[in-house]
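Record features (TrEMBL):
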ACT_SITE  Lys105  active site, proton donor
BINDING   Lys69, Lys93, Ser347  substrate binding site
BINDING   Thr189, Asn220  NAD(+) binding site
SITE      Asp145  site 'Important for catalysis'
Amino acid sequence: MTGINVFEEAQKQIRIACEKLEVDRGYYEILKQPERVMEVSFPVRMDDGRVEVFTGYRSQHDDTLGPAKGGIRFHPLVTADEVKALSMWMTIKCALVGVPFGGGKGGVNCNPKKLSYGELERIARGYIRSIAPIVGSEKDIPAPDVYTNEKVMAWMVDEFSKLKGYTDYGVVTGKPLILGGSAARDEATAMGCFITTKEALKKFNLSVNKATVCIQGFGNAGFNLAKILFDSGAKIIGVSDSRGGLFNPEGINPKELLEVKNSKGSVVYGSGKVITNEELLELNCDVLIPAALENQITEKNVHNIKAKIVSEAANGPTTTAASKILYKKGILVVPDILASAGGVTVSYFEWVQNKTGYYWDYDEVTQKLEKMMVNAFKDIFDMHQKNQVDIREAAFLIAIKRIVEGLKYKLS
Ligand SMILES: NC(=O)C1=CN([C@@H]2O[C@H](COP(=O)(O)OP(=O)(O)OC[C@H]3O[C@@H](n4cnc5c(N)ncnc54)[C@H](O)[C@@H]3O)[C@@H](O)[C@H]2O)C=CC1
Ligand SMILES: O=C(O)CCC(=O)C(=O)O
């Protein structure tokens with residue numbers, strides 16, 4: 001725990017962008033908090049017969065550019081403020097890459113590592129039943145996030161459809177392919193980060209197959225990214241998960257390491273030197289990829305970061321103050337609202353496919369994703385150079401400008 005409040009961080013980022021754009025103060029007043037936050041408590045029968053009551057949240061930040069959209073996390077540290085911040089970043093992310101959604105995010109305070117399969121299912125179903133009044137394919141569309149996956153989405157779509165009396169695949173994305181999922185959604189977050197990281201490497205005249213990479217987090221984003229980078233010739237020299245990190249200057253094969261993690265429970269059992277998560281962030285490498293939780297790069301450790309590029313697959317891994325220092329140090333940050341946007345972009349494709357009932361193949365999805373990510377990177381880099389602001393600020397300026405333009409039409 002860093003004591004840094006991510007909700008206040010998100011507010012600060014939005015305020016700075018509104019001030020730089022010199023928009024009326026009223027727009028900041030609208031965007032500085034979510035439009036709606038629902039807190040729910042729901043009972044779940046545990047395997048031993050006890051009833052436990054779980055707390056969950058769904059935050060809808062702003063729907064100017066479309067229905068709310070964003071993942072659901074199951075984690076013991078989930079709080080209302082965290083979910084609120086994450087929903088604000090979703091609004092910004094969607095506006096930045098140009099998907100027609102606003103921002104939403106949800107979470108349940110629970111520890112999936114201590115739950116049985118059946119308990120997890122009952123939590124997923126209980127949560128979606130509780131938030132059902134405010135979600136729907138035209139209102140707010142959840143998706144996977146930390147410690148949730150396509151299986152959890154399948155339970156949620158099933159439960160929601162039972163409530164409605166018809167199958168509504170468009171209510172959540174990140175579903176299994178057979179239940180209205182999209183090709184490439186599972187690896188989309190990683191792909192988006194890979195595409196934008198490649199663009200960043202070009203700025204240093206570096207190519208992926210010459211790059212050394214460290215990745216914090218070995219889940220959907222982190223593992224898939226490691227796999228794509230490895231297959232493209234990059235050398236992965238460090239990875240970590242919640243139990244610690246692994247350093248191997250000779251290179252790590254993520255597919256072999258996944259087998260170790262699946263059988264023994266952590267990447268730390270792979271071949272290499274065991275290090276801490278803090279040490280992982282400070283390794284000498286070309287690209288550092290935080291792909292776990294918020295507030296990992298702070299004023300405390302930012303001076304020790306040695307990477308040339310920090311590519312943020314996770315949401316909010318770098319504090320605002322640390323981000324400024326990275327900029328001054330000449331480290332190129334591919335900010336979370338861009339680097340992690342591949343997931344929601346393919347979620348948008350999934351939603352379109354559900355709505356039309358016409359499904360695209362893998363190549364069609366990935367080609368469309370590549371185009372959107374490359375264009376967004378170019379827009380941000382141009383804004384960064386033209387206005388001499390750091391890349392994260394440039395990204396916020398583009399996104400807030402688009403949202404305010406929409407708000408102006410609605411309010412005038
Ligand atoms: N799944 C998705 O489609 C998207 C995920 N993201 C973001 O990516 C990040 C990771 O999410 P997922 O990969 O989906 O989650 P996941 O649940 O699949 O994996 C999380 C990984 O982080 C590790 N982890 C947890 N606490 C850690 C700690 N303190 N230090 C190091 N590692 C730790 C876990 O062991 C696990 O390997 C989050 O910030 C999430 O919001 C962003 C966009 C989309
Ligand atoms: O796929 C989605 O709708 C949302 C993904 C997400 O939660 C995120 O980008 O942080």
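Numbering starts at 1 and runs along the chain as displayed.
Just so it is clear, glycine is given a Cβ too, placed from its N, Cα and C backbone atoms.
Annotated features, which come from TrEMBL, shown on the structure.
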{"residue": "Lys69", "record": "substrate binding site", "CB count, 10 Å": "29"}
{"residue": "Lys93", "record": "substrate binding site", "CB count, 10 Å": "29"}
{"residue": "Lys105", "record": "active site, proton donor", "CB count, 10 Å": "33"}
{"residue": "Asp145", "record": "site 'Important for catalysis'", "CB count, 10 Å": "26"}
{"residue": "Thr189", "record": "NAD(+) binding site", "CB count, 10 Å": "31"}
{"residue": "Asn220", "record": "NAD(+) binding site", "CB count, 10 Å": "24"}
{"residue": "Ser347", "record": "substrate binding site", "CB count, 10 Å": "28"}
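Per Cα geometry, Lys105 is the residue among the recorded positions Lys105, Asp145, Thr189, Asn220 nearest to Lys69 (substrate binding site). Note on proximity: of the recorded positions Lys93, Lys105, Asp145, Ser347, the one nearest Asn220 (NAD(+) binding site) is Asp145, by Cα distance. Straight-line distance linking the Cα atoms of Lys93 (substrate binding site) and Lys105 (active site, proton donor), rounded to a whole number, equals 12 Å. Looking at Ser347 (substrate binding site) and Thr189 (NAD(+) binding site), their Cα atoms lie 10 Å from each other. Lys105 (active site, proton donor) is 16 Å away from Thr189 (NAD(+) binding site) when you measure Cα to Cα. Less than 6 Å separates the Cβ from ligand 2 in the case of Lys69, Asp145, drawn from the recorded positions Lys69, Asp145, Thr189 in sequence order.
Reduced to three states, the DSSP call for Asp145 (site 'Important for catalysis') is coil. Rounded to a whole number, the C-alpha distance linking Asp145 (site 'Important for catalysis') with the residue listed as 'active site, proton donor' is 9 angstrom. For the recorded substrate site, residues Lys69, Lys93, Ser347 set the reference point as the centre of their Cβ atoms, and the other residues of that chain within 8 Å of it by Cβ are Gly70, Met90, Cys94, Val99, Phe101, Gly103, Ala143, Ala341, Gly343, Val344, Thr345, Tyr348. Comment: substrate site residues Lys69, Lys93, Ser347; largest CA to CA distance 13 Å, whole number.
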